[in-house]
Amino acid sequence: MRNGLVWLLHPALPGTLRSILGARPPPAKRLCGFPKQTYSTMSNPAIQRIEDQIVKSPEDKREYRGLELANGIKVLLISDPTTDKSSAALDVHIGSLSDPPNIPGLSHFCEHMLFLGTKKYPKENEYSQFLSEHAGSSNAFTSGEHTNYYFDVSHEHLEGALDRFAQFFLCPLLDASCKDREVNAVDSEHEKNVMNDAWRLFQLEKATGNPKHPFSKFGTGNKYTLETRPNQEGIDVREELLKFHSTYYSSNLMAICVLGRESLDDLTNLVVKLFSEVENKNVPLPEFPEHPFQEEHLRQLYKIVPIKDIRNLYVTFPIPDLQQYYKSNPGYYLGHLIGHEGPGSLLSELKSKGWVNTLVGGQKEGARGFMFFIINVDLTEEGLLHVEDIILHMFQYIQKLRAEGPQEWVFQECKDLNAVAFRFKDKERPRGYTSKIAGKLHYYPLNGVLTAEYLLEEFRPDLIDMVLDKLRPENVRVAIVSKSFEGKTDRTEQWYGTQYKQEAIPEDVIQKWQNADLNGKFKLPTKNEFIPTNFEILSLEKDATPYPALIKDTAMSKLWFKQDDKFFLPKACLNFEFFSPFAYVDPLHCNMAYLYLELLKDSLNEYAYAAELAGLSYDLQNTIYGMYLSVKRYNDKQPILLKKITEKMATFEIDKKRFEIIKEAYMRSLNNFRAEQPHQHAMYYLRLLMTEVAWTKDELKEALDDVTLPRLKAFIPQLLSRLHIEALLHGNITKQAALGVMQMVEDTLIEHAHTKPLLPSQLVRYREVQLPDRGWFVYQQRNEVHNNCGIEIYYQTDMQSTSENMFLELFCQIISEPCFNTLRTKEQLGYIVFSGPRRANGIQGLRFIIQSEKPPHYLESRVEAFLITMEKAIEDMTEEAFQKHIQALAIRRLDKPKKLSAECAKYWGEIISQQYNYDRDNIEVAYLKTLTKDDIIRFYQEMLAVDAPRRHKVSVHVLAREMDSCPVVGEFPSQNDINLSEAPPLPQPEVIHNMTEFKRGLPLFPLVKPHINFMAAKL
């Protein structure tokens, strides 16, 4: 696999996305009060340098300008007259590595606190409320060296949003009352991660290096580091926050990216006006020239006990910081070869031995001054017994690379592939794009910031050899992760409690690895035959349609076709659903369908890896209705890959050894569900309760023992014997070619698997349980791993229809920001607080999801109290405020997809739901604009109020591991906080003891009727 890992700490902030669609975008609005100026000729003392020659993709129609402000801020401006959303991001080149040693997590805490009011806009939720009212959203993350803040907003409101945003860096309040509450949010965020193996392993890696190096710090922080210990030591954390912000939030460490409809000159004026006053404290850029892994930290073996039943091997080498060599990228070159998955690769050989299934190789970010090179594999049961041999194979492959020397043709192939990827780059969503660019501005020259991570320029064999020279046994660190080490460890990591044992790797083992000889099985990759060569953009056909058209409708298949008329890139999305009544008929068949496709993908991996490197990807998964197959990106070689996959599906022969290995890995993944987050458990149980047919993890585990190799071999022809295929072919493809592709898929299945069409009566659709009026049901379970509770409260409203969809979505839009502000920011229920629509099988409702240390019945009472406050808030809402919400939702719904795959996903969602409402957004927004405040109040009073006649409610309570029991409902009269709104008295709910009995006792909703007349849809 490809390179690298990224670790982020971020608060999930609320928000809404997307924007109003017009046949033609209105011209960019001028920003008030800014005279038109041409910056190429003018002089402005606030601007030190202007860079208008930004190298961009030939397909990129946006205009770019780089600035360096006099105060040192680097800026990239993007003018896109077609954008629905404007966006901005600011990246401060300071992160958790700069935390004071005695207050771990301070930079992350500072990131949280900046959202909670500024001198100019003191209201705690001013920023989030402004964004919510204008179809916007925001977030931030803290990493070792960066704190990155970003938002998006309806394009008309960039100036208002940017003004509020700029105050974070000019005059934040960092208010003491907010501080005490927000510590809980950081603590809840950490608590969410405590039992997550990825976080645990990351911190353990940091803890086992040089303890005096900033890399060893605990970046997230928690209540102990941000409140308890500082209080004990007489440290005023608010004073430390103010000091941290005033010290490090210096303009010379900041970079900004702004994207809007405005002209570059107007965007320049706006940024100068809002950010030129940020103070330059001339803070030296933190650098870390010493590596955290010194001689005493090398040749060490760490045996680590995970939470989940996983088996992994991590091999790490310290290497110098390669950032300055980005034009030749030696780490990328070596990662490409060591991480290759084709014939003759390291992975191929380790898989053939039955020791591993997957491999990741490449450079991993450290910080300014140091990096790592990693080779990580998962281990089979057999592989766990052969760790020394696996690492020997790694060194044999590295020795092969040394013997062969750097290959210019390999570098050239990487260079060519990256150049094609850059040339035909998809347009990114504004929010992610600005956030990413703001971070890059610290590392690359302004004119090359868009190309730097794509375009390779210089073949530098000397640098490749330099990095290769670091990949030696004397520099190695090895970590093995396995449940088999339980009870055999002698150390505990401080912050996450990870159990581990550290041993020096014996000298004779190091010597054995040093003597690694050439292994004749290893080969360098051959030339990639999947590299696209035909980039022709096909002209639109005469009968091209604005939405997918049904161009084939037979007993065997339905084919929907849409020629791309928006993006004009040499790409296509081919989506297929193979309906089979055998795929989900019982847990045994569900398991067999899963294993068949996992084994199929496993056997295709060597072949398909070259396609993936060449920008051609595929996906293959089992579904409750059968199998899903997609082939995406460059259309040139898609038919070749699709034919190979289809032939393999129809003629597949199972390898016995791979069957045993993949079955065992599947059993572990089923067992590992117990360690998922409490809120994920709540969502899982609700799906089981509400869907007509859904197999539990326990049922699947029990049935897995019955899956034998002969049984699976017999199942495959049964699965393929009768199918109905529904497909969407969308992109740079003609109608004739689409028909040809569909025919090829059908012919292959008929020829090799003797596939026949399904009978119409075999096309089963699962339905949703219909709750009774005024019914309230509670289902309780315990999470055995996490010490947090989780809850999902679901108010089922009705079947999906234009009117019902808009009632629900508008109500969700109105309550979204207040919900987050009330339940998370003010009441501090937990880090994860979510409200929004839930939709399944054509039925919908309002849901709340919370994860908290507080008990579920308390969370339930707070949600009910919040809903009552929202009724009054809507009643008191001005017409202007109500219309803002309608507009925000309309903008979000009409936001144009930024790339072909996103547009295709919308259409595919309509096909999979069998609703086929391809013009849904326009139809529903037209209805939305007719709604009144009274409509929403009526909707609330009829469906959601405590005494509503058509209230239908299910609550799933997931208890923390240390809670033996908990009442399902309770009153909380002794609340200390007088500001809490009063919770209503709740009736006693019906407790669900048996899911099957619960579902048997209730009717099912009918299926939603398709939006379209199939006879009229045919071309």
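Using N, Cα and C of the backbone, Cβ positions are placed for all residues, glycine too.
Within 10 Å of the Cβ of Glu111 (active site, proton acceptor) there are 23 other Cβ atoms, across all protein chains. Marked as active site, proton acceptor by Swiss-Prot on the basis of sequence analysis: Glu111.
Residues or ranges marked as Zn(2+) binding site by Swiss-Prot: His108, His112, Glu189. Neighbours of His108 (Zn(2+) binding site), defined as other CB atoms within 10 A of its CB across all chains, total 28.
Gly361 (substrate binding site) falls within a strand segment according to DSSP. According to Swiss-Prot, the substrate binding site annotation covers Leu359, Val360, Gly361, Gly362, Gln363, on the basis of similarity to another entry.
Annotation source Swiss-Prot lists ATP binding site at Arg429, Asp895, Lys896, Pro897, Lys898, Lys899, Leu900, Ser901. Note on Lys898 (ATP binding site): other Cβ atoms within 10 Å of its Cβ, all shown chains, come to 19.
Marked as N6-succinyllysine by Swiss-Prot on the basis of a large-scale study or a structure entry: Lys192 (among others). Within its own chain, Lys192 (N6-succinyllysine) has Gln677, Asn788, Tyr831, Ile832, Gln851 as residues 6 or more apart in sequence whose C-beta sits under 8 angstroms from its own. Secondary structure from DSSP puts Lys192 (N6-succinyllysine) in a helix.
Mapped onto three states, the DSSP output places Lys697 (N6-succinyllysine) in helix. Positions annotated as N6-succinyllysine by Swiss-Prot: Lys697 (among others).
Proximity of distant same-chain residues to the motif 'SlyX motif' (853-858), defined by a Cβ-Cβ separation under 8 Å and at least 6 residues beyond the stretch ends, is recorded for 188, 191, 780, 787-791, 829-830, 955, 957-960, 963, 966-970, 972. For 853-858, the entry in Swiss-Prot reads motif 'SlyX motif'.
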Fewest-neighbour residue among binding-site residues, criterion Cβ within 10 Å, set His112, Lys896: Lys896
Inter-residue Cα distance where the pair is Leu900 (ATP binding site) and Glu189 (Zn(2+) binding site), in Å: 35
Cβ neighbours within the same chain of Lys697 (N6-succinyllysine) - under 8 Å, at least six residues apart: Leu670, Phe673
Secondary structure at Asp895 (ATP binding site), reduced by DSSP to three states: coil
Proximal residue to Asp895 (ATP binding site) among binding-site residues His108, His112, Val360, Gly361 (C-alpha distance): His112
Residues of the motif 'SlyX motif' (853-858) by DSSP state, where helix covers H, G and I: 3 helix, 0 strand, 3 coil
Packing count at Leu359 (substrate binding site) (other Cβ atoms within 10 Å of its Cβ): 23
Arithmetic mean of per-residue pLDDT over the motif 'SlyX motif' (853-858): 94
Of Gln363, Ser901 (the binding-site residues), the residue whose Cβ has the fewest other Cβ atoms within 10 Å: Ser901
Lys899 (ATP binding site) to Val360 (substrate binding site) - Cα separation in whole Å: 28
